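Okay, structure first, notes after.
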Amino acid sequence: MSPTPPPFPASTVLGYPRIGPRRELKRALESYWEGRSTRAELERVGAGLREATWRRLAELSLEGLPSNTFSLYDQVLDTAVLLGAVPERYLAAGDPYFAMARGTEGLAPLRMTKWFDTNYHYIVPEIGPETVFKLDASKPLAEVREARALGYGTRPVVLGPVTFLLLADPSGAALDRLDEVLACYEELLAALAAEGVAWVQLDEPALVADRTPRELATAGAAYDRLGSAAARPGLFVATYFGDPGEALPVLAATPVEAIGVDLVRGGAAALPELPGKTVVAGVVSGRDVWRTPPGRALAALAGVRADRVTVSTSCSLLHVPYDVEAERDLDPGLRGRLAFAEQKVAEVVALSSALPSVPAGEGPRGAAVPSAPLTAPVPREGRSPYPVRAAAQAEHLRLPVLPTTTIGSFPQTGELRAARAAVAAGALEPDAYERLVEAEIERVIRLQERLGLDVLVHGEPERNDMVQYFAEHLDGFAVTRNGWVQSYGSRCTRPPILHGDVSRPGPITVRWASYAQSLTSRPVKGMLTGPVTIVAWSFVRDDLPLRDVVLQVADAVREEVRDLEAAGVSIIQVDEPALRELLPLRRASQPEYLEWSVSAYRRATSGAGDRTQIHTHLCYSDAGEILAAIDGLDADVTTIESARSGARILGAVGGFGRGLGPGVYDIHSPRVPDAGEVEDLLRATLRALPAERVWVNPDCGLKTRAYEEVEASLGNVVEAARRLRAELTDAGR
Ligand SMILES: Nc1nc2c(c(=O)[nH]1)N[C@@H](CNc1ccc(C(=O)N[C@@H](CCC(=O)N[C@@H](CCC(=O)N[C@@H](CCC(=O)O)C(=O)O)C(=O)O)C(=O)O)cc1)CN2
Ligand code: MET
Ligand SMILES: [Zn+2]
């Protein structure tokens, strides 16, 4: 390729949804995994989705079409495969790719964690001394050829080397392997150039978080080296999810020809002048569903001082649904304010044609909501200090030492999902549906009694999703029929749209909790989703500071807590799995976030009396980063993921001084742990924590598992708890 690439296209998007407008990929994946179809059939569905996407983008007159944004599971896993970082133990599996993603018989999958501050999850690459990096460029090359056969020139999108290594090991230690990895990227660039590719996009979102001077220097050196490659396409380095800050001048000093900046989340900081560069200006948000105010976007574009400006999305459109036109049930007034992926592409194209007429000069940049001081008063704590509460709860609940419980959901059956769909289609009476839910609750209660669990749950059969269900019962939210967004692999959510002031018209969960409690003499734990998580997993209005929105939701949850308590529910769990996820990427903004998010949680839960035991649940192993905040939630019992990360978390959380349930059963895998294995984990826990404070529970809810596995696994969990309980009682005699 020539050292001077052709001009960058005037409009583009950084990436596109890939699950399919009707979740075609989900169905194809699950069918393949269940052995109902072949790998070739799966590949055909993928090819069809890629073709439909390129055709649609071209029809919408988008100039720069991306490729390699499709993935059968995850783009980070694809990058590991691209670089040959496939751990040896997976090579013998029937399908090593999916073995890494999901595990197989006797082989645990690679770890999975959150993609920056989104609800998307990526597979964490495993890099060890034995890793031999070796390029396998077949996927990006095949997609380039596939698009070309359809008549489209594309820009392959590949995760950049710096972010790849930082995702593999956030400590930065894997950056030591940069030279080896860069050799693969050089080879990739040469192969793409030989294929006639004009531009390649290397994604470097890690550059919007705080980076050490060494990391920044490493990034600069990496792009100096890639930029000086003899044969290569034009280099476009995309930063997104925030302000690249100091990374921007570093990139600007390298030979890369184009730099992507997120002008929606990038904040108000003025962009430095970037002479000689193309700026790919992300002015259409890839993280929300609101139409872009043209004035705001044009002003942001006008503030860019560079050789050339391309209009783009702030990040990949992976995080938004396909098409708002499919949502015929949405209130037309609201629908008119919304833009999903297709509409956002149209906005990019429209802005790009408006661009030449934009007067140059400074303008306000970005869509950051002006932050107001925290005005909402946090109500006075209703609850006594922990020791007082703990005594009242012990007296009231009379639980054994090492009480066993679960995190809330039991398997969601196909029958229930089909019944919900039938109610929505008008083919099933709501009464009949409610009887089905009651029957499922009874089944779950009886199962737990039979297994011998101490604190029962109703199993959440009435919920399509732990956030969407609450959104459907609160004012201020709208939900979609088909607004699916990929969360991980084949799993999707329909994030609700929080568009107005939130309030609770009436009790939401009380009838199901009371029904469950009426069936048994053991305590049944009420189950709510916390305010931060409800907001984190929704698309949220941008005319109010986030904390004010969260506090409105907290008030609704507070009312529900009150009603549950009044109905005789003596244990209430308020889940906050997304507390970590919303943590700002820059440290400077973290204390303020943690302050208001924790106070929102306390606002939601502090209406409960001392006798009522409040549980919380967080299910990611990186909880270690926000320990002080988790402690600040002041829940009587905290359950966290731990089965996979082992005792690592225990040392850290041991200081809480309240109840703690480190998960002893990894629910992300179909594998059934045996009682001995659970016992070992419990013994490790008991070495770190006093027995009176330890709870015995799985890592997370059981909704994605099958009844068979759950029954066997929970049986072993109860068995292990009983063995240790017997030892403790003997020792105490
Ligand atoms: N919002 C959210 N984010 C989260 C989690 C979570 O639980 N919720 N958990 C963590 C992990 N992420 C997850 C995300 C999704 C799912 C999940 O199981 N999603 C389901 C969909 C859940 C749902 O909305 N179900 C609906 C609709 C189900 C459906 O597909 N119905 C059929 C028709 C029914 C049938 O015949 O099967 C259809 O619409 O075509 C329901 O039960 O009512 C899926 O992808 O399969 C699990 C974990 C982190 N983030
Ligand atoms: C992602 S956290 C899930 C918590 C919820 N109560 C459940 O058990 O499914
Ligand atoms: Zn969980």
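Placement of Cβ uses the backbone N, Cα and C atoms for every residue, glycine included.
What TrEMBL says about a protein is an automatic prediction, not a curated fact.
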Besides ASN119, ARG491, CYS492, TRP537, which of LYS26, LYS134, LYS139, LYS344 does TrEMBL list for that 5-methyltetrahydropteroyltri-L-glutamate site?
LYS26
According to TrEMBL, region 'Disordered' applies to one of these ranges: 36-58, 358-380, 404-426. Which one is it?
358-380
Need one residue: from ASP243, ASP555, ASP563, ASP575, the one TrEMBL lists with ILE407, GLY408, SER409 for L-homocysteine.
ASP575
Between the binding-site residues ASN119, ILE407, ASP575, which lies closest to CYS700 (Zn(2+) binding site), Cα to Cα?
ILE407
Spatial separation of HIS617 (Zn(2+) binding site) from ARG491 (5-methyltetrahydropteroyltri-L-glutamate binding site) - C-alpha basis, Å:
21
Contacting recorded positions for ligand 2, chosen from LYS26, ASN119, ILE407, ARG491, HIS668 when the Cβ sits under 6 angstroms of any of its atoms:
ILE407
Which of the three DSSP-derived classes (helix, strand, coil) applies to LYS26 (5-methyltetrahydropteroyltri-L-glutamate binding site)?
helix
10 Å Cβ neighbour count around HIS668 (active site, proton donor)?
20
Per-residue Cβ crowding (10 Å cut-off), top of binding-site residues LYS26, ARG491, HIS617:
HIS617
If I restrict to non-local contacts, at least six residues apart, and a C-beta distance under 8 angstroms, what lies near ASN119 (5-methyltetrahydropteroyltri-L-glutamate binding site) in its own chain?
HIS319, VAL485, SER487, THR493, PRO495, ALA536, TRP537, ALA578, GLU581
